């Protein structure tokens, strides 16, 4: 390819046919070489830059059951601090009960198709309500994390019927520290306690949600409520938790006050206990509730190791991003060093809802972000923590490199054309005239040289003739 371009440059550079082809070909070859080499180098530079940028932006995918593909899940993984045994901000709910209430602003109440909840706790109660999320007045949607007969369970309703899921094998009212993780995707739900297997719940009438969601997009907006009512009459499971208004922690309002320790609550990206410790304006605290500066005393290195094994063996639902590996993923054994208090870092999630199937409020993703675990006192983050970078930015380096290479090549080509067009044409004409004169002289000389023998012969002949006449 390179040699072919050089030959083309040589042909373009030759002024005439065969006589001036040598000098013109050399100039054309040099001209082609002048812009081909920078073009190649610029292209390689752009590709290398784009490849390096592409390699720096990576996203991990963890897939669970295939039944959860109806909704894209933002994140559901235990962060590094929980895997290492750090409980986060901790509150003690004493005898008589207390309550921490978070209220969304009236104009910022989210409606979600997927919810994520995680919390650490220790208690000896057989009956209590830990966390409850309620929708606006009159809607009736709710989600409740509770203890019933010493077992942890979740009950929720998003417009159809109450759906319950419970871990019946784990006893959690033993005074030890436990971590519970709950996810909801439409009417589907999963629940996990510590390192126990994940419990999954798929209610009836929820198998055709994907097809119904596609069909729902083609239904005119004015007919949305009619279609929803018809689907509801047919027993279809609704999926959106509409207009979430309050998060109630402690269960005092429900008549089953919690007594014990609650740590590091996360709900759809909200670090509620951390916000309470910072005296957030949207949070109210009543009753016998106090903030403590250390993790639950009942937590031991054995429970830490259990949580680490749970993280390494568990993959809950489909995810599109994750935190970086921690000491547990690297296989380091649990240490017996004293554990310092950290910020809430059990779970950060962002519930998403690509399409709405209920005509009450437009579905809006909750305002949540991904938080990196930090050491106590606001020092540097734990080793292994990483920022989440979206996949859409992974091609930025490639595009910038290609554009820069193309611009550089165009500039070089324009400069070469400018130099080629403005070179000294007088010298070319002088050289051409000289060649022409010399060629003419040479050709005339050749003709003269060729004719000299014939003229000599004629003179000799005349001389002989004269001699003959003279002698005769």
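Just so it is clear, glycine is given a Cβ too, placed from its N, Cα and C backbone atoms.
Annotated features, as they stand in Swiss-Prot:
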- 141, 158, 240, 242: Ca(2+) binding site (BINDING)
- 91-289: domain 'Laminin G-like' (DOMAIN)
- 188: N-linked glycosylation site (CARBOHYD)
- 350: O-linked glycosylation site (CARBOHYD)
- 454: phosphoserine (MOD_RES)
- 455: phosphoserine (MOD_RES)
- 458: phosphoserine (MOD_RES)
- 205-234: region 'Essential for interaction with CBLN1' (REGION)
- 1-50: signal peptide (SIGNAL)
- 51-396: topological domain 'Extracellular' (TOPO_DOM)
- 397-417: transmembrane segment (TRANSMEM)
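Per-residue confidence over the region 'Essential for interaction with CBLN1' (205-234) averages 61 (mean pLDDT, predicted model). Between the C-alpha atoms of residue 158 (Ca(2+) binding site) and residue 188 (N-linked glycosylation site), the distance comes to 11 Å. Comparing the binding-site residues 158, 240 by how many other C-beta atoms lie within 10 angstroms of each C-beta, the top residue is 158. Residue 158 (Ca(2+) binding site) carries neither a helix nor a strand DSSP state and counts as coil. Counting Cβ atoms from all protein chains shown, residue 188 (N-linked glycosylation site) has 24 others lying within 10 Å of its own Cβ. Taking the C-alpha atom of residue 188 (N-linked glycosylation site) as reference, the shortest distance to any of the binding-site residues 141, 240, 242 belongs to 240.
The number of other CB atoms found within 10 A of the CB of residue 242 (Ca(2+) binding site), across every protein chain shown, is 24. Counting every protein chain shown, the Cβ of residue 141 (Ca(2+) binding site) has 23 other Cβ atoms within 10 Å.
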